[in-house]
Amino acid sequence: MDRVYEMPEEPNVDPISSLEEDVIRGANPRFTFPFGILFSTFLYCGEAASALYMVRIYRKNSETYWMAYTFSFFMFSSIMVQLTLIFVHRDLAKDKPLSLFMHLILLGPVIRCLEAMIKYLTLWKKEGQEEPYVSLTRKKMLINDEEVLIEWEVGHSIRTLAMHRNAYKRMSQIQAFLGSVPQLTYQLYVTLISAEVPLGRVVLMVFSLISVTYGATLCNMLAIQIKYDEYKIRLGPLEVLCITIWRTLEITSRLLILVLFSATLKLKAVPFLLLNFLIILFEPWVKFWRSGAQMPNNIEKNFSQVGTLVVLISITVLYAGINFSCWSALQLKLADRDLVEKGQNWGHMGLHYSVRLVENVIMVLVFKFFGVKVLLNYCHSLIALQLIIAYLISIGFMLLFFQYLHPLRSLFTHNIVDYLHCVCCHRHPQGRVENLEPSFDAEARQRKENSLDITFMLFGIEMVADTL
């Protein structure tokens, strides 16, 4: 997985030394204010407070089922968040009774946020003072389209602060897809069938939507870091904006379609949704069993075989939760120590979006033809069309990102347009050769033959463009 230390935004590279040495000494890592930690903690506290408030309102109104489901979604995600932070920081092997107690009362993110703030203030006061480094690290950087190997010294304090950042990134993933997605879907369903929009429920849905969008955006960034672990990666504002728009449209349209479909068929929709989720959940395990590989036993050196199995099941559940609502940007591979497929398979991504598009169209058609008019006071055809268009626009932003805005797109073997071109050329390769005009000279024929050879080569080789 990605390392727990941070690198400087721009290394101080001596152009002369880059020609004489294989490894260039980079500047000391810089530390920045942990805005991500504060934002993740704010989302966690805001969603927890609004969920508990709605539980109180449902209980006061004797709405037992709504209260039970709202509380269950909150508790499950909160417990998983605590376990994630404990696992990343390895607290069970340390003597920290206060931290464990705060995790026990579901306030672990708060105490961790305070620890990160204290560590940042300590670094800020000691700015300019040299700190003994605990490790050396090397990263590749693309400078003027050339790979340069940079070496940094990483101090203990910066490494600890970076560990906090990475822990909160993973916490945001858990909170978003195992808590906020089911919570948002359920509250939208309750709003739809009850035709009431109280302020407390609106606040809960807003926090859940922001949490899901933030988690999905982080999902892309973490996937890039995992696949290109040897590179120093930096996403600019335009890239982040494109990912955010892509993920927002994809998730909101998908969840609204699920809600409308569930409100139309009610209990009859449960088998379809459950089967959809189970297929995603067991797909990595089926591939693992068919490969005949052994279970990786070096994920964590202190883990027993049972502990490794628990970790793999938890990761699989998170993977299924992500893919149920949006594309995970990673392909799970249980037989590998890194647990992910480093090479990007464009076909897998295309298959995911094709299947999801067909599912969304089917569910929208069910809502259009069988939806009860009492549900909404708007035209069902217009709603259905808008949701499908929104999903298609999200796919368009996804293609835009991978084609033009990916930070390491120059490393791709071939890109989206190349893949589509290869597929189209593969359909009738012989016909094109036979239809060549005999009036072409020898040089033109040679160029054409080379072009066809390259086309077949690109189509036959598995796409190893590491995307996120």
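Any Cβ shown, glycine's included, is placed from N, Cα and C.
Annotations in TrEMBL come from automatic prediction, not curation.
Here's what TrEMBL has on this protein:
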- 31-54: transmembrane segment (TRANSMEM)
- 66-88: transmembrane segment (TRANSMEM)
- 100-118: transmembrane segment (TRANSMEM)
- 174-195: transmembrane segment (TRANSMEM)
- 201-223: transmembrane segment (TRANSMEM)
- 306-330: transmembrane segment (TRANSMEM)
- 350-370: transmembrane segment (TRANSMEM)
- 382-405: transmembrane segment (TRANSMEM)
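Between the transmembrane segment (66-88) and the listed ranges 31-54, 100-118, 174-195, 306-330, 350-370, the one holding the most Cβ pairs under 8 Å is 174-195. Same-chain residues lying 6 or more positions outside the transmembrane segment (174-195) and placing a CB less than 8 Å from one of its CB atoms are 40, 43-44, 47, 51, 54, 66, 69-70, 73-74, 76-78, 80-81, 84, 201, 204-205, 207-209, 211-212, 214-216, 251, 255-256, 258-260, 262-263, 317-318, 321-322, 324-325, 374-376. Across the candidate stretches 31-54, 100-118, 201-223, 306-330, 382-405, the maximum count of CB pairs under 8 A to the transmembrane segment (350-370) is reached by 382-405.
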